[in-house]
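Engineer: Per TrEMBL, compositional bias 'Low complexity' is recorded for 30-41, 131-141. According to TrEMBL, the compositional bias 'Basic and acidic residues' annotation covers 109-130, 157-176. Under the heading domain 'AAA+ ATPase', TrEMBL lists 350-483. According to TrEMBL, the feature region 'Disordered' maps to 1-46, 109-141, 156-176.
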Amino acid sequence: MSWLFGYKSQVPPQGGGDGGPEPPGPPPSSAGSAGQVAGDANLTKAERKAMEAYRFDSSALERAAEAARTLERSKHAREALELSKLQENTRQQEYMAKVKEYEAHIESSKVEQKRVDHEERRKTLAEETKQQQQRAQYQDQLARKRYEEQLAQQQRVQEENLRKQEESVAKQEAMRRKTIEHEMELREKNKMKLLEAELRAKAKVDRENRDLTLEQIRLKAEENRITVMEGIKTAGSVLGQGATALLTDWNKVVTTVGGLSLLALGVYTAKGATGVTARYVEARIGKPSLVNETSRFSLLEALKHPIDTVKRLKHKPTEALQGVVLQPKLEERLRDIAIATKNTKNNKGLYRNILMHGPPGTGKTMFAKRLATHSGMDYAIMTGGDVGPMGRDAVTAIHKVFDWANTSRRGLLLFIDEADAFLRKRSSEQISEDMRSALNAFLYRTGEQNPRFMLVLASNTPEQFDYAINDRLDEMVEFTLPGIEERERLIRLYFDKFVLQPAAEGKKRFKVEQWDYSAVCSKMAKMCEGMSGREISKLGVSWQAACYASEEGILTEQMVLDRCEAAARQHRQKMAWLSEQEKLDHKSITGGKGFLTQ
């Protein structure tokens, strides 16, 4: 009911104890109004707006008093008053809400102002920091430039000093050389003068003693002549008397001729018997010079190595692929070859010739030994590189090897490692006549399959073989580098052999820390990509060396990984050293999964 009081805007109630409006005060005087107007001029806009709510005209009081009397006379006066109170309370609450909203707006404005101030301060600090960094960089550049100039100046000074020193040393060396040359020249002149003096003195003495020297020479010559003549006369008389006695006595002539004939016959008989005996002894007791290693029993080897001979005799035949790691398809093929070879030996059939080719260190030699042992045969190992240096004797040596192989009762597996060294192509390569003769002798002895020996060739470059050699091969098996699964099995095998077993035996200075061996072996299998089995076996030996080299003799996980990384790095370096021709020759050096190990 603000219309009753003439309010211009909503104002908070100023009631008494019952909530009704208080009676209005006396109207302000004109002097007070003038002072108030003067005071309003000093207020801010917000304060003036807030004061507008409390201003009202005095005529509204009269209307309010008239309305109050009318309302008192009405029978609904009490209800109207209550309704008016309620309305005023509602308006007061709405006003208070707006006041709170206004205060909140003021607070948010303050917060925003603080945020803006903080942002400005942050930007200012960032700009100052940037300026300081630029200043520091500039100062650093200046200092670095000064330092470089100082270094350049020092280098120039050092170069100048070095040049002066070199010049001084060169001058001293030249003076020393001149001094030495002068001394040598003086020494040579003194020697020549001394020699001339000695020659003059000797010539003078010879001239003075010339007659005496000639007389001595004449006497010695006369004595020698007389001695020689006497000796000739004596020998002639003795030989003449002997020949006369021999020719006049027929029995002595027959005895002399018979003795000389028997002597010649004895000499030639002894020479032939000695050659036959030597060849028999070499075939039965010894071994040819080309054979480097053999399991065949010989008396000489038994006398040299009795313990090894006893162990070899007690050794039982084992499975050909026992303890090996290889790709399944290659394992199946090699097992078929081992079974066929063993049955051929038992049934006294004809052996088949085999070529094993692939990168070095993939187990070709070891499988040949295992194959011979599994089949109950002897094995002999020779190297193709030993044939070339023999020259003309190579043909004889090759015939001796095959003659010796034919005398084996158990059957012999002849393994020729690096066979391409002397079995190269005759048409496309320049080979010596000695090598050509050796190749022809080898082809002659291997023209047909033999029930006494089995030929196994090994090579890293089989494409270099002569065509006639390829014609004599019945099986060709490629040994390639191990894959990741085979490498992991190899690493586990060698880790157990070179690390775990020595540690379990309790050897001095060999202990192993506790760590996850399985995970480390899997990790190292990935690190050893491209490595052969021989390189992995050397890695196992390097683990032992690392343990022995440590202060406490304890092998740690980091030591194992470091040695593996070093081996992988060395393998990559070796591969980088290969020439283009070697890379073409070893085409299988980066692929494959098949592999053998012990």
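Cβ coordinates come from backbone N, Cα and C, glycine included.
A TrEMBL annotation is a machine prediction, not a hand-curated record.
I'd like these features described in context: how deep, what's nearby, how far apart.
Structural biologist: Residues of the same chain that lie 6+ residues outside the compositional bias 'Basic and acidic residues' (109-130) never bring a C-beta to less than 8 angstroms of a C-beta in it.
Mean pLDDT, taken over the domain 'AAA+ ATPase' (350-483), works out to 88 on the 0 to 100 scale.
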Engineer: Can you break down the compositional bias 'Basic and acidic residues' (109-130) into helix, strand and coil residue counts using DSSP?
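Structural biologist: Its residues divide into 22 helix, 0 strand, 0 coil.
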Engineer: Could you count the residues of the region 'Disordered' (156-176) that DSSP puts in helix, in strand and in coil?
Structural biologist: 21 helix, 0 strand, 0 coil
